[in-house]
């Protein structure tokens, strides 16, 4: 099966001139130039054909990866369903055993025999049951979808799976997919040609070996396609090993899980639309990061933690230990009609039940196969890759052990809004669970900001004319300095007046003088906690003379910055193994620490004693903020709740329940609004006394930090997607957006609202000047 390469590499490139032995063979300069030009044109044509061949192979490899991810999710669903059904059978057997003794003797014998007969299911019976269900579902879909879907030989839609609870449907699907292993992937490729030019620069497909069925399916292809593919796979396997080695060297045991999900060379053109519009010119498919599956919860987190490790990559977790509450991948997107952030879940509806689970597929699989989690059939899913911009750069590092969440994060395209560091402006509606009729405002453009009323109705927000203009509203931000800390920067804070920046990494806080931009070295280094423990939060007292530092240790360090050499003047010890966040009361008398055990510790800074603990969070408390008058405290936790506390009475006031873990929050200095950043990539802005809220959708991954400007008119959020977003309070008009080279784990805004500092996973902090 060796492919004839004569078409691609003809042996005789140019017709030979007639042989004239009697006449000497001479070239003039003009003829030589013509021949060189001719040769160049030929090489150019050869290059073009090779380039097309390469693109074709790359696109087919991407298709293979999508199918692999689909099978991965399907096998996971089958495994869960199998265990579920086994548990149900066990319980029913126990009930039968308890009930049978109450029957009469003759009935007991009959029932026992009937139970034994019921347990004896033959393969013939199983095949008949599966065949009947398969036929019924084929017929139902033939009526429901009159237009044949080309990737299927008969034009019939494969059996859809109504829910994970249908084991027969799952079995039917698996057998159907096995039987249709000859589907022509190459034909499907035509449906994607318009996307490949755009995609090939940024999605690098992982070197996953195709399954046997797909190898059989591709026999009709030219043999060299696969030989080229196998060579490419071997090369990529080496690349993967090299990539993991280099990541380990630069990120300390792969602490930063997110550095590989963006291509540094991705296009960064300016956005082609007005930022005040709540949407874009081109309506697109819904797209969203995948729910995090249990196999990759640790590896998909984004700020350091001492607790969890991902065994498959020996990778430290970088969030406050992110947990799933159920064995199935969590669908953490708030949905219209469900009171996702109400004070309590609606009685009768189990928490976590999301009717639009299907819209949160782990990857925008461009074939009409449903996944085991009830994917809603969508016309655009058939052969339409929803990843818009850079989409061929980082499936390269996805191994079979990694979850679909990682694949989705890698395939997620970037969305650009601002002239700061613009990039691909198509965000493709990364809005989970929003019906198609809500994907735009009257101008016909998809929206990213939605108002959610008390009854759960979602409507795109029409921005007012002054959304992005007026006093106190920035125009953009300019990067003016980079502070090379040397470790992942998990905490930053700015002094008042704006002169020093404090960056917290592993085992120390470094102090930088930003009044001299040319100064590339820290003015001092404050060693605290243990050398291997990450600083998670550092807070300055309003007088600027005291710094409090907390992190992956049970102690908080209090630093005296007014001394000739900064020194630790006290340490506060709690029972929790880690502190995730700190807040200081306006009068500087009290410090609040978010503990990994879910408690909020209240410290008397004068007497250096623990005076109280607020108990309520059932998992780690991850973020905190305090009202300007010092009477109310807001905390967010990994238990999917945000709680408010009355500091005068020492009791909990409110509780807001979400379907996703809370990673960051900020309370507006002017009151009324609370912004919450979540694991599911949403930012929600809640009114503190009314049930209304806004839901904002520009982040591609976990929202790791959030901070309000001191004027209260705008706020910033940062995420695992490398983005710094600035939003208008409260409705979330995008003011500007900047993209960094790695996960942005922390941020702070100066008291005069003129500077922003961010800390990132590539071991540096970045200083921005806010331009008004």
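Keep in mind that glycine also has a Cβ here, set from the backbone N, Cα and C atoms.
Annotation comment: Swiss-Prot describes 1-137 as region 'Q domain', evidence class a curator's inference.
Residues or ranges marked as region 'Disordered' in Swiss-Prot: 1-24 (among others).
The region 'GP domain' annotation in Swiss-Prot covers 138-205.
Residues annotated as region 'Disordered' in Swiss-Prot: 183-359 (among others).
The compositional bias 'Basic and acidic residues' feature in Swiss-Prot is assigned to 184-203 (among others).
The compositional bias 'Low complexity' annotation in Swiss-Prot covers 204-213 (among others).
Residues or ranges marked as compositional bias 'Basic and acidic residues' by Swiss-Prot: 216-253 (among others).
For 274-290 (among others), the entry in Swiss-Prot reads compositional bias 'Basic and acidic residues'.
Residues or ranges marked as region 'SP domain' by Swiss-Prot: 276-452.
Marked as compositional bias 'Low complexity' by Swiss-Prot: 291-306 (among others).
Residues or ranges marked as compositional bias 'Basic and acidic residues' in Swiss-Prot: 307-316 (among others).
Among the features that Swiss-Prot reports, compositional bias 'Polar residues' is placed at 318-329.
Looking at the repeat 'WD 1' (484-522) alone, the prediction's average pLDDT is 91. Annotated repeat 'WD 1' per Swiss-Prot: 484-522, in sequence order.
The annotation repeat 'WD 6' is assigned in Swiss-Prot to 698-737.
Marked as repeat 'WD 7' by Swiss-Prot: 739-772. Across the repeat 'WD 7' (739-772), the DSSP tally of helix, strand and coil residues reads 0 helix, 20 strand, 14 coil.
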Give the residue counts of the repeat 'WD 6' (698-737) per reduced DSSP state, in the order helix, strand, coil.
0 helix, 22 strand, 18 coil
